[in-house]
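Engineer: Below are the structure tokens for one structure; questions will follow.
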Amino acid sequence: MFLEIFLTLALGIIVYLFLTRKKEETLPIEEGWWGKGQKPDSEEDTTVRPFKVETTEEELNDLFRRLDQARFTEPLENSCFQYGFNSVYLQKVVSYWRNQFSWKKQVEVLNKFPQFKTKIEGLDVHFVHVKPPSLPEGRSSKPLLMIHGWPGSVYEFYKIIPLLTDPASHGLSDEHIFEVICPSIPGYGFSEASHKKGFNSVSAACIFYKLMLRLGFHEFYAQGGDWGSLICTILAQIAPAHVKGLHLNMVSIMSVRFTQLLSILLGRYFPGLFGFQDEDVKRMFPFLKKGPYRILMESGYAHIQATKPDTVGCSLNDSPVGLAAYILEKFSTWTDPEFQKLEDGGLERKYTLDDLLTNVMLYWVPGCMVSAMRFYKENIGNGIGTQKHEKLPVRVPTGVASFPNEILHIPRSWAQQKYINIISSNFMPRGGHFAAFEEPELLAADIQQFVGRVEKGK
């Protein structure tokens, strides 16, 4: 009798807990319309169309005319890159751009990977889609969505794509072979910009989710840094059943808890108490210098772009020299803050001018700088910490590649407050903000090992 009562009570408790348990909340999938005018009554054309980058003599002659008419300002003595892009070195860049850089050659480089466009929510979305050249018998590739940020482009991924789609030919393990999809964020590169206000990272995530489904991928991995990190994070919140794993090379958290504030004060002296490793301490402290001060010094552009993007954007869209200075200064400072002390900004230590100018051309040719800058206003203009996605945890398996020269270091113990299922977190030995562009081998290897952990945990 007592056993029956006990079993009845136990069963009742189990049923109560099941019925009253808190459901894992996800973000709703938005149905937007970002094209011109009213949304038509007819069904949207879902055709996926091949695309190739093209150029004309008229386009090049216009560029050369503007470069020839550039007006430079003499820099302060011994200022290097501490006041922004040094105009002495800028003249060298412009001279190379005008006389040696071949856009026609770089167009061929861009077209070496298959590219496509398709209409989603009224916008023509551009993407690179690269399949493995071959697969071992009985093996299948793993779809990987890679999303860029600002002031980057899909070209950031051109060196890492072969390492992921054909790893064995590049000295990497072929245990995991990927099929890589790299879309241009609407308003960047060759993706059509929104014609309406409000297109933010949630909107982009919904579009890219629909893109992956349209391509036939119902399970896939997602990877990103900068805006790509946020978009991929939101994608994991929208469709956790479809995102097998989330890999980030930049982590952002929008809320600060008391324990985090305490760790800022005491973490340098009692790192273990707050889950800090020695490398965390090295990268975080002294905190005022490496945290708030660096953010203050590097965020002026963000304030402009989050408030009045069209004002500066229109001037940059009209001047290729101004555009190059504005973009390439970030590729200096965000690659290594110490590069500010160099007259050439250290740009050619990690990149070639051909690669840097190709990225600039992906803003100049489509004339997308204004729409790219507007993305900041749409994401930040309504305030930080006010959006639903900022308050929701991420439950999908997450991997973090932490590069030492990222603008702000976020320790794993902080990141886990949002990304509650971090299964891989590694300190990279070198590199900065543009990980795929700067250190493709390191990033590819970290993606490989992360996916391996996810697959083994099935």
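Count begins at 1; order follows the chain as displayed.
Every residue gets a Cβ built from N, Cα and C, even glycine.
Just so you know, TrEMBL annotations never went through curation; they're auto-generated.
Copying in the features that TrEMBL gives for the protein in this structure:
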- Asp226: active site, nucleophile (ACT_SITE)
- Tyr376: active site, proton donor (ACT_SITE)
- His433: active site, proton acceptor (ACT_SITE)
- 48-157: domain 'Epoxide hydrolase N-terminal' (DOMAIN)
Engineer: Please average pLDDT over the domain 'Epoxide hydrolase N-terminal' (48-157) for the predicted structure.
Structural biologist: 97
Engineer: Given the residue listed as 'active site, proton acceptor' and Asp226 (active site, nucleophile), what distance in Å do their CA atoms have, once rounded to a whole number?
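Structural biologist: If we compare the Cα positions of the residue listed as 'active site, proton acceptor' and Asp226 (active site, nucleophile), the gap is 8 Å.
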Engineer: Cα-Cα separation of the residue listed as 'active site, nucleophile' and Tyr376 (active site, proton donor), in Å?
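Structural biologist: Between the Cα atoms of the residue listed as 'active site, nucleophile' and Tyr376 (active site, proton donor), the distance comes to 12 Å.
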Engineer: Let me know how many other Cβ atoms fall within 10 Å of the Cβ of His433 (active site, proton acceptor).
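Structural biologist: Excluding its own Cβ, His433 (active site, proton acceptor) sees 23 Cβ atoms within 10 Å.
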Engineer: Give me the count of other Cβ atoms within 10 A of the Cβ belonging to Asp226 (active site, nucleophile).
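Structural biologist: Neighbour count, Cβ to Cβ under the 10 Å cut-off: 23.
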Engineer: List the residues of the same chain that sit at least 6 positions away from the residue listed as 'active site, proton donor' in sequence and have their Cβ under 8 Å from its Cβ, in sequence order, or write 'none'.
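Structural biologist: Non-local contacts for the residue listed as 'active site, proton donor': Trp150, Ala302, Gln305, Ala306, Pro309.
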